[in-house]
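To keep things clear, I will list the structure first and then write my remarks on it.
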Amino acid sequence: MSGDPGLEALKARVAEVPLGPEIEETGRIATLADGLVEVEGLPGARLGEVVRFAGGAEGLVLTLDPETVQVALLDPGAALGSGTEVRRTGQLLSVPVGQGLLGRVVDPLGRPLDGLPAILPEARLEIERPAPGIVDRDMVAEPVETGLLVVDALFAVGRGQRELIIGERATGKTSLAVDAIVNQAASDIVCFYVAIGQRTTAVRRVIETVREKGAFARTVFVVAPATASPGLRWIAPFAATSMAEWVRDRGGHALIVYDDLTKHAAVHRELALLARQPPGREAYPGDIFYLHARLLERSAKLSAVNGGGSLTALPIAEIEAGNLSAYIPTNLISIADGQIVTSAALFAANQRPAVDIGLSVSRVGGKAQRGALKAVAGRVRLDYAQYLEMKMFSRFGGFGDAALRARLARGERIGALLAQPRTTPLSTPVQVALLAALAEGALDDVPLEDLTRLKAALGPVLAADASLGPFCAAPDRLEPETRAALLACVRRAREAP
């Protein structure tokens, strides 16, 4: 009997059963206000631990005091009051991850908001995870193609980059990010859209837009609207990042949009003030920079040894009266690898996307830009900036010099090329063809109103040219014969009815 494998396995399982007394730590609610609970009697509680209230509601331990702990409610509808019993779970907050999240709308805890069955997770990950170390990362060298000419040509975004989208209210910030998501419908990038404190109607419009454009099945929506508890809004970006890291850590590629971190900073301030933490500049607590730094540092391009996956972040921030030097905007600008600034003046002038060329920058994306696009986009930004300056001075009097008039006309065409309606992405070959034609002067005699039609007609013309098949599949180099073929396609597109 002693050699029976089944008996030995049973003995091993019995040995694992704890035979001592089970110790359970319990406490009671001392005070309750605005989604934050002060609990007495949990001396062993840890930061980030989940506690459970009588009745099943859960909360997240945010701060530890000598006699009490501050707990953020994760179930705002729970019926709680002073004296309600609270128990430790001993577990840090985690969220479900896996392929089952694709095409779903969930809250930050992974609970469905779309009326469909519960998510069947492949694993669970803690919401607070360390960022990849220096040796675990690789250089940003592959592009995230947004389909927006102004971004891909002038401020390229690379896989693993953090590119901030910042501007005043209602200047097209979310539209830029949604366009980037829509353009991944046929790519290998999985998208995550995180709504933090947004209006439910605005989130619904985003979801419907992504659905209509065919990218819904490759997108995960993590929604903590303005009506959600402060605790849920606070954990939303961290929870969604863990969901996206599951894709990255398996060698995949993910794109995450945080909409927006200004509202996240506001809810962090709200919880800190309720917890009686000392206020600092603009009443934010002292750890506000660390809050967003530890979040955005989790976006990275991993080395080949670690699978070669990537997580690209497009955080969104809102400013007031064009003030980029406010506290939260300067924090985010210093953390990110560049920023795309939207302008209220350009938006009012009907320029879409309303990107401010002079204030926007991509610090590392240039290394990831397609070689062919880099070859034709070199002078576009400088020429357009000079045009904007000359345009301002031209209001005071006409330019008699023919060369200056030609530069003004060229600038107008650059502006018309960069203008792009929502959810109408341009492929990289089309972008290269347009900019090559611009550089060669092939668009100088094209009326501005015809450029929109030309951009729409050029894609099918390129696809029909068999000689451009290899280039369209991998537009990494622009050979002289390829440039000539692209210019010929532009001429045919101009002549198309």
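Backbone N, Cα and C atoms are what each Cβ position is placed from, and that goes for glycine too.
These come from Swiss-Prot:
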- GLY167, GLU168, ARG169, ALA170, THR171, GLY172, LYS173, THR174: ATP binding site (BINDING)
- SER360: site 'Required for activity' (SITE)
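Everything Swiss-Prot records as a feature, shown here on the structure.
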residue: GLY167; record: ATP binding site; contacts (Cβ under 8 Å, 6+ apart): LYS173, GLU318, ILE319, VAL341, THR342, SER343, ALA344, ALA354, ASP356
residue: GLU168; record: ATP binding site; contacts (Cβ under 8 Å, 6+ apart): GLU318, ILE319, GLU320, ALA321, GLY322, THR342, ALA344
residue: ARG169; record: ATP binding site; contacts (Cβ under 8 Å, 6+ apart): GLU318, GLU320
residue: ALA170; record: ATP binding site; contacts (Cβ under 8 Å, 6+ apart): PHE347
residue: THR171; record: ATP binding site; contacts (Cβ under 8 Å, 6+ apart): THR342, SER343, ALA344, PHE347, ALA354
residue: GLY172; record: ATP binding site; contacts (Cβ under 8 Å, 6+ apart): THR342, PHE347, ARG352, PRO353, ALA354
residue: THR174; record: ATP binding site; contacts (Cβ under 8 Å, 6+ apart): ALA202, VAL206, ASP259, ILE316
residue: SER360; record: site 'Required for activity'; contacts (Cβ under 8 Å, 6+ apart): LEU154, PHE155, GLY338, GLN339, ILE340, VAL341
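In the three-state DSSP reading, ALA170 (ATP binding site) counts as coil. In this view, LYS173 (ATP binding site) is surrounded by 25 other Cβ atoms within 10 Å of its Cβ, with every protein chain counted. Take the mean position of the Cβ atoms of GLY167, GLU168, ARG169, ALA170, THR171, GLY172, LYS173, THR174, the recorded ATP site; other residues of that chain with a Cβ within 8 Å of it are GLU318, THR342, ALA344, PHE347, ALA354.
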